[in-house]
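**Student:** Have a look at this one.
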Ligand SMILES: C[S@@+](CC[C@H](N)C(=O)[O-])C[C@H]1O[C@@H](n2cnc3c(N)ncnc32)[C@H](O)[C@@H]1O
């Protein structure tokens, strides 16, 4: 199953970008052992439209355009469902076992995600109830993707 990220907002050089690269690199290298292939981070700059609804609609259009037909879409949103790392790994594993070929995890910009995306999404997950900046969310989900592979492959990186 091919897995990629979609993110609104560009990540500038700095510690967050380095950490994201480190975990996505580990994920890309370890993923094939459990049937995951890392594709890419599709990054779009925040819309410059003057109102939030238009900005979110434009950002959502870019996301929807980049999605493969029948691809799984997971939204990250602080109001989403909280899963522990094992449950997140098992969710990814279950999509893989159902024969899903593409999975995209989407991170919104400063305005959050457009309401239309919630109808299209297969799951909406949170990384805790607090609101994080998109740079940190990218870092957190990159680490959780790598952790999910270690859980599914029985690697000792993940310990409880
Ligand atoms: C700065 S937040 C936007 C907050 C915005 N006010 C809202 O209502 O969604 C940018 C993005 O980071 C992600 N995000 C922030 N905190 C999160 C959390 N606790 N769990 C999951 N995703 C989160 C979401 O994708 C969000 O759209």
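Glycine residues also receive a Cβ, built from the backbone N, Cα and C atoms like all the rest.
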**Student:** Given that TrEMBL lists 76, 127, 128, 129, 130, 131, 132 as binding S-adenosyl-L-methionine, which residue among 99, 108, 154 does it place in the same site?
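**Tutor:** Among 99, 108, 154, only 108 appears alongside 76, 127, 128, 129, 130, 131, 132 as S-adenosyl-L-methionine-binding in TrEMBL.
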**Student:** Name, in the order they occur in the sequence, the residues of the same chain whose CB lies under 8 A from the CB of residue 131 (S-adenosyl-L-methionine binding site) and which sit 6 or more residues away.
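**Tutor:** Listed in sequence order, they are 78.
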**Student:** Inside 8 A of the center formed by the CB atoms of 76, 108, 127, 128, 129, 130, 131, 132, which other residues of the chain have their CB, for the recorded S-adenosyl-L-methionine site?
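**Tutor:** So the additional residues around the site are 77, 78, 126, 137.
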**Student:** Across all the protein chains here, work out how many other Cβ atoms are within 10 Å of the Cβ of residue 127 (S-adenosyl-L-methionine binding site).
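**Tutor:** Excluding its own Cβ, residue 127 (S-adenosyl-L-methionine binding site) sees 19 Cβ atoms within 10 Å.
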**Student:** Starting from the Cβ of residue 130 (S-adenosyl-L-methionine binding site), draw a 10 Å sphere and report how many other Cβ atoms land inside it.
**Tutor:** 7
